[in-house]
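Asker: Below are the features listed in Swiss-Prot for this protein:
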DISULFID  CYS68-CYS110  disulfide bond
DISULFID  CYS102-CYS135  disulfide bond
CARBOHYD  SER22  O-linked glycosylation site
CARBOHYD  THR27  O-linked glycosylation site
CARBOHYD  ASN83  N-linked glycosylation site
CARBOHYD  ASN92  N-linked glycosylation site
SIGNAL    1-17  signal peptide
Amino acid sequence: MWLQNLLFLGIVVYSLSAPTRSPITVTRPWKHVEAIKEALNLLDDMPVTLNEEVEVVSNEFSFKKLTCVQTRLKIFEQGLRGNFTKLKGALNMTASYYQTYCPPTPETDCETQVTTYADFIDSLKTFLTDIPFECKKPGQK
């Protein structure tokens, strides 16, 4: 009987001292990736029927040299109309990810221009397709 109690006590002590989670901590929240993919699917599925003019960042976006990321996300979010307002959450989540986990991008020379809504949506698709899912560390190529 005492052997059973000793074995039970050993199991309890061992289970209490065991790690409660994986020793590998996840440092990259990937919710923004799913949000970007969902936004791209919605953009592909919805026809552009508005003839409004909206503002976009006129500087060309390049994944090699990220500039105006927060400005672009803010302007895209503000420019959404109609059914496309469903994308606000995805853009907000992406902005939050980049603001929290990535080095700041230059935001000073972010000139804007007025364009058609169809061109605005095309610019948004291109931006979401080209934006890297993962941050580059300073000095990383």
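A Cβ is built for glycine as well, from the same backbone N, Cα and C atoms used for every other residue.
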Asker: Can you tell which of the recorded positions CYS68, ASN92, CYS110 lies nearest to CYS135 (disulfide bond) in space, using Cα positions?
Answerer: CYS68
Asker: Any idea what the Cα distance is from ASN92 (N-linked glycosylation site) over to CYS68 (disulfide bond), rounded to a whole Å?
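Answerer: Their Cα atoms are separated by 15 Å.
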Asker: Quick check: in three-state DSSP terms, what is CYS110 (disulfide bond)?
Answerer: coil
Asker: Using the alpha carbons only, what distance in Å do you get between CYS110 (disulfide bond) and CYS102 (disulfide bond) once rounded?
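Answerer: Answer for this pair: 19 Å between alpha carbons.
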Asker: Given the disulfide-bonded residues CYS68, CYS102, CYS135, and counting only Cβ atoms in the protein chains shown, which has the most within 10 Å of its Cβ?
Answerer: CYS68
Asker: I'd like the number of other C-beta atoms within 10 A of the C-beta of CYS110 (disulfide bond), please.
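Answerer: Within a 10 Å radius of the Cβ of CYS110 (disulfide bond) lie 18 other Cβ atoms.
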